[in-house]
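For reference, the structure is listed below as structure tokens.
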Amino acid sequence: MAIHATQPLAVPSSTVSVSGWAKWLPLLVLCLAQLSTSGDNATLSIATGALVKDLHASMDLISIANAMYSLAAGSLMVAAGMVGLIIGWKKTFRIGCALLFCAELTAFFSPNMQIFTYGARLLSGIGGSFMIPSVLGLIASNFKGRDQAVAFGAIGAASGVSFAAGPLICGTLVDQFGWRYAFAAIACLCVVIFVGSFIIPTPAKPERKVRFDLPGVVLTVIGLFSVILGFLKVSSWGLLTPFAAPFTLFGLSPAPFLVLFGLVVLALMLKWERHREASVGSALIPMSFLSTPQVRNGLYLTAFIFLAYGSGIFVTVSFVQVVAGLNGIQTGLMILPFALGVVIFSLGLPVVWKNANPKRMCQSALLIGTLGSVLCIFGFGPSSFSIIVPMGMCLIGVSMGIVSAYSSYIVTSGLPSRDAQQSGGVQATSRNVGQAIGVAVCGMVMLTAVTMGVQGAARSDPALSPDTQTKVSEMTVIPYLSDAGFSALMLDHGIVQKDVPALTQVYQTSRLNATRAGMIATALMTVLFLFGTRNLPTRTKVALSDNLAEDRKKKN
């Protein structure tokens with residue numbers, strides 16, 4: 001397929017000639033775009049109960065709707081990164097914005113969960129796959145030096161704002177006007193973003209032609225779709241022992257086989273990309289991404305940001321909503337310290353500490369995130385939590401904020417200009433894969449811990465009848481539920497009423513241990529990322545250029 005861009009290098013209508021606050025107006029539009037995609041996902045989380053009531057959705061359908069965005073966006077973002085380089089980042093940005101607008105309108109008018117899931121959520125994922133790489137590509141092309149570091153930090157801050165403001169705003173809209181109007185509000189925001197896109201400078205065209213890589217796109221979509229779906233299904237299908245899997249392979253869960261298949265396809269894709277880049281000079285994933293240690297480490301850190309968000313928020317929100325009974329607005333207030341940590345450090349560090357050592361800062365951030373995860377462990381109780389949990393989440397937010405301030409800049413500063421622009425799709429994919437891994441690992445750990453804990457305690461509890469002990473031990477999986485939900489589940493499985501109170505006490509202990517195990521898993525995953533910081537730079541290009549300028553002044 002020979003879609004290509006052959007225009008010579010042009011001078012962009014950039015903001016370099018604009019001084020003062022006006023040069024940051026395009027960045028405001030890009031931050032709003034980041035908020036719109038995050039707000040779409042936050043609205044779905046808050047509107048779960050309303051969807052169950054109005055559209056008669058089961059939790060399985062809600063789970064599919066949640067996964068649809070990650071599957072569509074994660075699978076297509078790398079391809080969208082190449083499309084943006086071919087037709088222009090502003091065009092792909094507007095395409096993504098228009099698709100997201102259509103997605104929100106589809107959600108508003110959805111008569112059933114099928115239209116909502118396979119119409120609205122699918123469109124939303126495709127829109128996000130175009131919009132998010134375009135945001136990163138526009139920053140890489142329109143902001144340079146210290147301004148670029150600040151711009152990337154601002155995008156991280158926008159994510160932090162969405163973490164806190166999303167549940168609060170969406171919760172208020174859902175409670176006051178209904179879930180449909182919450183999606184309509186995001187549609188209105190998309191209109192504002194589309195209009196605002198006209199003040200974004202048009203980036204320079206690539207010097208060399210970039211031809212669309214159809215075989216690479218097909219392999220990438222299949223590989224990423226399989227990997228992300230496999231990770232997303234680990235908690236429901238099982239890691240090895242099958243839970244509620246639609247089929248089994250050799251008596252095992254299909255989830256790890258799906259991940260393995262995806263990895264094999266991605267390995268074939270990389271071999272193809274190496275051949276293609278050598279043949280035509282362009283590739284879906286340039287080899288500079290893989291051959292440059294600094295870039296690889298930057299992508300690891302990009303994955304960490306959303307792995308920490310996915311795992312930490314998953315464990316904490318599951319507990320405070322399912323066990324402690326907090327609603328959407330209360331949950332938003334509870335995670336406010338987390339969001340403030342992200343916002344303050346991702347936006348403030350590039351401005352306040354201009355000559356910081358990126359390597360030491362990111363390593364310190366990972367240690368801070370580990371400390372925050374460990375701190376949360378001591379804040380959970382059988383049916384409530386203490387102020388220690390928001391404090392621990394604040395530290396995780398600080399960790400995410402610090403890494404957000406440097407990760408994208410680390411990637412782009414280690415690449416040639418064209419590859420730096422194209423990196424947006426790969427960075428965005430790293431985020432989605434990181435989040436999928438975080439949620440999958442924590443979900444699997446929590447389900448395994450609660451199931452084994454209840455079954456082990458039930459077998460050794462003399463207060464329970466032999467029939468109850470047998471029925472509990474025969475359950476394939478015991479889900480993470482409230483006390484009332486667990487009691488209802490036991491009665492549905494034929495447990496006699498007199499044994500339910502004793503079993504509920506056992507369940508409370510096992511659920512608490514499972515929650516703590518989820519945070520331990522988050523801490524361990526965070527520590528492992530330290531091994532991916534070896535090749536990070538110790539100085540930014542901005543700091544080096546400032547020092548060179550200062551040396552010249554001294555010599556003169």
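Every residue number used here counts from 1 along the chain in the order it is shown.
For all residues, glycine too, the Cβ spot is worked out from N, Cα and C.
Features reported for this protein in TrEMBL:
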{"type": "DOMAIN", "residues": "26-535", "note": "domain 'Major facilitator superfamily (MFS) profile'"}
{"type": "TRANSMEM", "residues": "67-88", "note": "transmembrane segment"}
{"type": "TRANSMEM", "residues": "95-116", "note": "transmembrane segment"}
{"type": "TRANSMEM", "residues": "122-143", "note": "transmembrane segment"}
{"type": "TRANSMEM", "residues": "150-169", "note": "transmembrane segment"}
{"type": "TRANSMEM", "residues": "181-200", "note": "transmembrane segment"}
{"type": "TRANSMEM", "residues": "212-232", "note": "transmembrane segment"}
{"type": "TRANSMEM", "residues": "244-270", "note": "transmembrane segment"}
{"type": "TRANSMEM", "residues": "299-320", "note": "transmembrane segment"}
{"type": "TRANSMEM", "residues": "332-353", "note": "transmembrane segment"}
{"type": "TRANSMEM", "residues": "365-381", "note": "transmembrane segment"}
{"type": "TRANSMEM", "residues": "433-454", "note": "transmembrane segment"}
{"type": "TRANSMEM", "residues": "514-531", "note": "transmembrane segment"}
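When Cβ-Cβ distances below 8 Å are used as the criterion, the transmembrane segment (150-169) is approached by residues 27, 30-32, 34-35, 38-39, 41-43, 45-46, 135-136, 139, 143, 185, 305, 309, 313, 328-329, 331-333, 335-336, 338-343, 346-351, 397, 400-401, 404-405, 407-409, 412 of the same chain, each at least six residues removed from its ends. For the transmembrane segment (212-232), the most Cβ-contacting stretch among 122-143, 181-200, 244-270, 299-320 is 244-270 (pairs under 8 Å). The predicted model assigns the domain 'Major facilitator superfamily (MFS) profile' (26-535) a mean pLDDT of 84. Ranked by number of Cβ pairs under 8 Å to the transmembrane segment (433-454), the listed stretches 95-116, 122-143, 244-270, 299-320, 514-531 are led by 299-320. Only sequence-distant pairs (6 or more apart) were considered; of these, at least three Cβ pairs between the transmembrane segment (67-88) and the transmembrane segment (122-143) are under 8 A, so the stretches are in contact.
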